[in-house]
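Chemist: Quick one: the structure is below, and I'll ask about it shortly.
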Amino acid sequence: MPCREIFLLWILVPIASSSDHITFFGRYACNVDFKTDYCTPDTYVGRAFYYGLEDGGGITTNGTFVNSDITVEFFDPTVQGNFSIGRQDGNYMSSMLDIMLADTKKNDGLLGVVGVENDCKEIAALAQAYDASSLLVNCEDQVGESQMPSSTALQMSSTQGGKYRAFAKLAKSVGWNNLAVINFVEDGPADISYHDQLLDALSAESISLDFVKKGGFSSTITSAMFTGLESVIDVILETYMKTRIYVIVLDLPVSGTFFMNAMSTMGLLETGKYFVVMMSSIESDAANYFGFNVNRGNMIFKTIDYGISDADIRQYYRSFMYFTDVPHYTKDFSDEWTSFQKRVDGDASKTFCPPMCNTKAKGIANNDPWSDDAYWYSESPSIVDAYDLGRLLSETVKVHGASLLRDPESLVQTMSGRGVTSLLGYVTKFNTNGVSQREYILWAPQQASSSNGPIPLPEWATLAARMLPDGKGNYSIIWKNLTQLGIFNGELPQSKPECGFNNELCPAGIRNLSELEIIVIAVCVVAILILVGVIAYIARWIAYERRLESSYFLVHRKHVQLVDMTKFGSSRGGSMIQSAMSMRSQYEDSGPVGGATMNFYTNGIRKAAIRRNQMQRSDKGPAANRDEWLEIVDWHLAKYENTLVTVRKINKTQLKLTREMKQEIDLLMNETHENLNRFFGLINESDLIFTIHSYGPRKSLMDLLRNDDLRLDRMFKVSFVEDVVKGLQFLHEGSKIGYHGNLKSSNCIVDAYWRIKLSNYGMEQIRVEEPESKPDDLLWFAPEIIRRYAVKHDLSKLELAKADIYSLAIVLYEIYGRQGPFGDDLLDSDEIIEQLKFPDGGALTRPDIHLITKAPYPLASVVEKCWVEDPASRPSIKKVRELLKPLSKGLKGNIADNIMNLLDRYRNNLEDVIKERTEQLEDERKRNESLLLQLLPKSVANSLKNGQPVDAEFYDSVSIYFSDIVGFTALSSKSTPLQVVNMLNNLYTNFDTIIDKFDCYKVETIGDAYMFVSGLPEVNSYLHAGEVASASLELLDSIKTFTVSHCPDEKLRLRIGNHTGPVVTGVVGIRMPRYCLFGDTVIIANMMESSGEPMRIQISSDAYELILKCGGYVTEQREKIVLKNKLEVMTYWMNDYSKDARLARLVAHQEKFPHLEHLIHKFNKGVR
């Protein structure tokens, strides 16, 4: 064993005297260790054990175990015996035999051995032979194991075998079923045993060992070289196609560094597919491995001398974890740990010498087990184990008695199965065989904050997993989120590829491609896709050019048949729609307009046949001649390809189509949207230039808005707004056209389904040099367009789109104002256009916004935002649509959708109509029942509904409330009848709300008199007296804050009387039946009110008796009074009550009277 091992042995022996003793066998003096003058860690172990005995509460301040005569003695073999400082093998046994023989001569019995590190097997057997227990602190042999059983041994420390079994379970849990084990430790008896234990543990978990190598690396480490590198590379070459997970066992950590360096040299650490898990061949190893020595020494981080940079180390650790039982070092684990350090490290006290006989020597840097020095830090767990063992022993003796020390097997069995969380934070539990099962930890690198600079020590590591023992050989594994670690891809690799290293695990024909093959295939696929894309683009471009050259959009005039419109009462050059309605019946079924019905849906086939015949007859003559086309002023109705269309004239003498014009027309031909009017083509024959658009049978939006006989409800207006906005949004955002350019209500065509379709959009290049429009046509244009009208074709699409937003505002203004684009403005169009061009004194000319201020929110504000002078400040069409969303709140679909839904409902969903009517009938029935229940009790109402007679009913005990408003007559004389009614309505509404919180039934109100009762029609035992009393107090409180609306200075005062007694109830009359109470109780209750005083509650003696039974009420006896019948009675004043007492009554009677449950619910909700 290395020289750092703890030299400590305690023997627990009863001394032959008046009281038994426990002899503490171990070093407590410092000045003889290695012929120096400072304390070493094994001295701290003794102190820690003694403090554990103290803290466990099992010994007294003088060192005697509680409730016994067993005391603690101390024996230091280096001072009091012949123990050799060299501590060769056999020294522990020799000293122990000497003590045992001496005890035998003194006729003392051995109780136990504590703190053995060497010769564990032999000492445990010797202790068992002497019928003594052995409590082992730092023994690497597992004495309780089957190969060296001892029924009197309890082992505190962890062992290599335990660590290997824990690691095997961890590997199994993450699916590492194939491993390579590389053991750098050269052969020795203990090393061979540990190696075999590792292999056995892995085999027990059914983990295949694809490669195992023990020693034989012939490696030496100097300041400049690692001579075993070639043998390491040979191992990797032999194994990397067998496994991806390497388990490295080593005694010199830098060996692992060079192993990973070799893997990196071979390119195995670049993708995260290979992984290394390292373990030390000795226990208490984390400090040695992680390099807590402040000078780094020859730890794994000391790599610069071996030619490995910090940057390389950072890369290595991305495929690395370390498995250990020792917690990660930190200077302050907890306040408890810091306190423990100071306590064990404190000055000696001669009162407790031994064992606290020497102070800590000063000025010695490397003798501190609490320091960063890895050599001494490794002793900290031993010190803590000694403390925990002393505490457990003391606690056990405290609970089970000191006599347990005399029965070694019982002592061990009692302590087995117990667990402890140490001061360092790790968990230890004892198995049933007495061997500790220690918590194990898997450490991993942190995510690097930077890729440069030295690796921080020791903060580089972070906890990846904790294995918490259960005392039965199993563990609960708690993983940290792997994505927060510094390992590759934030995940652990598999021990084998999915298809195996040679594709042996995949079916024939399926195999894993190499990275080079994947790259080549990917490049080829990308190249093919690019080539296909280029070819497709070229083909599309050629087709596009051919399409433009073919002028496919040109329509010959002979294919368009003008329709004679004179017989429909309209001139050819007039409004497009004036004649549309008259010809609709001959050429198109336009849906429900004016007084039309819906029967065209049922006989559409017959009508369509008639229309086709009529159209064929009208087209038999020769094609319209040139003169007819020249007579067209603006537009004309025509037929093209058996479809009604409108031909609109372009006022030019000739039109030479340029490439830009063809591109513009091509866009018009290919744009389709439900809110765009279809463009059929262009007629370009000398001076006859016309565009062809689809015909709108329901007139334009302008014509609908100017038709005073046509009433447009909210649904129509909102639908029109949505259609215009959606069409404009498509032009701005979904079309290559990018703008409308001529938005006005006359260019908003209405189709057969009342859907708006934008027409006459685009074509700015075609309209170049066209004469300026008339002033009336310019009222929709934005001011910047009017000022630059002659060159507006040179404006960008963005500028024209911003101008569309202004035009949209005018159209919205028209829809809700219905008085034209500028409302009822008295100026004529020429003046308006002039002011738009040149604002007078900077004042802007806009339509009168007050005309649409009553329009639904937020139309007016949106209109104002859209027609601002600065185009850049106008919202986009997307923003406009978002702002107008509240306009359609509560409406579903558009006009056509609603019409079709209406038809479907009446034609196909008659059952829904019946169901709706049935539900309405049921709702009406419920309302009638509710009204009836407000007039009569539920039982009475049910009898009346069922046509049954309502018999009078006797109640032996109820409580009745009467109240009257003092001074009501005087107040009424100063008020109008309406004011009196309003006042009483407000007052009694308040009263009704209050008594609803109590188990009371309102009987009636007569003028200013208010009457209710409790105890009927729902019986509630004696609770009715309390319910009426509580409600009376609540009403009295409420009247104090009641305000008479027409006389705020007047305060109403109540006079209240309560009485308890029997009554008879019944329904009186047939017409307007009333639920009435009869009997002396009613009369006396009224007398209690009339003989009372303002703002007080007078109760009878009968009511008082039940009030006392209820409990929780404050009453005051009043002098006897004489009632109207000359009867002298004792009465009481009711002053206050306890709400909690009432709740307790209700809860106590809830089971017997279920109707009280809703009152409890209201009470708990705060409705008191």
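Don't overthink the numbers, they just go from 1 along the chain as shown.
Cβ atoms are placed via backbone N, Cα and C, with glycine included.
Found this in Swiss-Prot, in case it helps:
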SIGNAL    1-18  signal peptide
CARBOHYD  Asn62  N-linked glycosylation site
CARBOHYD  Asn82  N-linked glycosylation site
CARBOHYD  Asn474  N-linked glycosylation site
CARBOHYD  Asn481  N-linked glycosylation site
CARBOHYD  Asn512  N-linked glycosylation site
TRANSMEM  518-538  transmembrane segment
TOPO_DOM  539-1168  topological domain 'Cytoplasmic'
DOMAIN    562-888  domain 'Protein kinase'
COILED    896-934  coiled coil
DOMAIN    959-1089  domain 'Guanylate cyclase'
BINDING   Asp964, Asp1008  Mg(2+) 1 binding site
Chemist: Between C-alpha atoms, which of these recorded positions comes nearest to Asn62 (N-linked glycosylation site): Asn474, Asn481, Asp964?
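Modeler: Nearest by Cα distance to Asn62 (N-linked glycosylation site): Asn474.
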Chemist: About how far apart, in whole Å, are the alpha carbons (Cα) of Asp964 (Mg(2+) 1 binding site) and Asn474 (N-linked glycosylation site)?
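Modeler: Pair distance, Cα basis, whole Å: 82 Å.
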Chemist: Just to verify a number: CA distance, Asn481 (N-linked glycosylation site) to Asn474 (N-linked glycosylation site), in angstrom, no decimals.
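Modeler: Cα-Cα distance, Asn481 (N-linked glycosylation site) to Asn474 (N-linked glycosylation site): 22 Å.
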Chemist: Long-range same-chain neighbours of Asn474 (N-linked glycosylation site), Cβ under 8 Å, sequence gap at least 6?
Modeler: Lys169
Chemist: Around the Cβ of Asp964 (Mg(2+) 1 binding site), how many other Cβ atoms lie within 10 Å? Please give the count over every shown protein chain.
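Modeler: The answer is 20.
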Chemist: Take the domain 'Guanylate cyclase' (959-1089) and count its residues per DSSP category (helix H/G/I, strand E/B, coil), listing them in that order.
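Modeler: Per DSSP, the residues of the domain 'Guanylate cyclase' (959-1089) fall into 53 helix, 41 strand, 37 coil.
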